[in-house]
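According to TrEMBL, the protein has these features:
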type   : residues : note
REPEAT : 9-43     : repeat 'PPR'
REPEAT : 44-78    : repeat 'PPR'
REPEAT : 79-113   : repeat 'PPR'
REPEAT : 114-148  : repeat 'PPR'
REPEAT : 149-183  : repeat 'PPR'
REPEAT : 184-218  : repeat 'PPR'
REPEAT : 219-253  : repeat 'PPR'
REPEAT : 254-284  : repeat 'PPR'
REPEAT : 290-324  : repeat 'PPR'
Amino acid sequence: MVNDGLELDGFTYNTIIDGYCKQGKIQNADNLLKEATYKGFMPDEFTYCSLINGLWQEGDIDRAMDVFSEALGKGLKPSIVLYNTVIRGLSQHGLILQALQLMNDMSENGCNPDIWTFNLVINGLCKMGCVSDASKLMNDAISKGCLHDVFTFNTLIDGYCKQLNLDDAIEGVSSMWSHGVTPDVITYTTLLNGLCKAARNEDVMETFRVMLEKGCAPNIVMYSILVESLCKARKISETLDLLDEIQDKGLALDIVYFGTLINGLCDNGDLDGAYKLFRRAEQEFKVSHTTSSYNIMINAFCGKLKVGMAQKLFSEMGEKGTNPDSYTYRVMIDRFLRVGNTDFGYDFLIEKIEKGFLSLLMTFGRVLNSLCVKHRIPEAVGIIHLMVHKGIVPEVVDTIFEADKREIAAPKILVEDLLKKNHIT
């Protein structure tokens, strides 16, 4: 446009500067602003908001505050929009004291905080674990006539749940109703999850009942939490009954739900029921299994020393393109060694290392001990070589054997002797 003899106006400059900032091209925005200022453009609040937002995005806290100070120094009277832009960045970067100070400053300058201002600071306080301070701030806001929304209450309830102040979280939901704010799916999901993690199973059921009475329709996440709670309370038959209820409501069952239920069945000793449900999920409900759901079944079979079934599932993972993770290998190695199958334990360890997973020292120790007890020294040495190749120095052998509680002196001495004789380099 400039090359065609057309001068950019303020709106166009602001639009381009804002675009640069959103793309993280702060230097381009700076250069254009300098050029525009030279041509008589006066930066306005929109300009400064764009720059400050871009700098927050880049994590340049000092420069963002410098730009804000520059705006004030040039006589700009900031509105609630500019104040909230700065307070949002301060809160997100954990500078909550500065955010609180700025909120006080804006009030003194005749710009009253709005609900968005309070929400930003309350959210920042909760993220820092200062939930009681956040609650006081909310009460202060209410006393000043600033009514809060569902986001404010959800933030506080989440903070209470993370600190296991569950009675306060329950009270928070009651407070919502008294202030004319209707709890939503996020409210109840947060509270149900907190109660479940604390094993307050009766409160989970009561909260779920009240939620239904209030007309809040549950989603599959809520049902997964309900299943976890029922499993902890050993009410397995009730969890299975929920399958029909969920289908009647037209909700799509997902792998999180099945994983939760399968894990609950395993924890309650119903391995056969868990495996049947594992198969049913895929065959009847067309839900594909993940590494996590395979791990649940593999760990359960290994726990019962049914390593044949565990190996079958491990092979199935490969056939279906589901990659095992470090936990999968660790469980397989440990259980095969426990039943005396050193070959498989050794093979799984080698495969695990070759795929880039670094084993725990205890796992190395168990395989080394098992090999040395059976006088399979070359393979034990091969593991040490692999360790060295992966950056674990041979001097760690002492630690490895100490990590395995079944330490055997003879293998340890044998491996140490090989090291001293420079058989391992």
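A Cβ is built for glycine as well, from the same backbone N, Cα and C atoms used for every other residue.
Curation does not apply to TrEMBL; its annotations are automatic.
Non-local neighbours of the repeat 'PPR' (254-284) in the same chain are 220-221, 223-224, 227-228, 230-232, 234, 236, 239-240, 246, 290, 292-293, 296-297, 299-301, 304, 306, 309; each lies 6+ residues outside the stretch with a CB under 8 Å from one of its CB atoms. Sequence-distant contacts of the repeat 'PPR' (114-148) (same chain, at least 6 residues past either end, Cβ-Cβ under 8 Å): 80, 83-84, 87-88, 90-92, 94, 96, 99-100, 103, 106, 155-156, 158-160, 162-163, 165, 168, 179-181.
For the repeat 'PPR' (219-253), the model's average pLDDT works out to 91.
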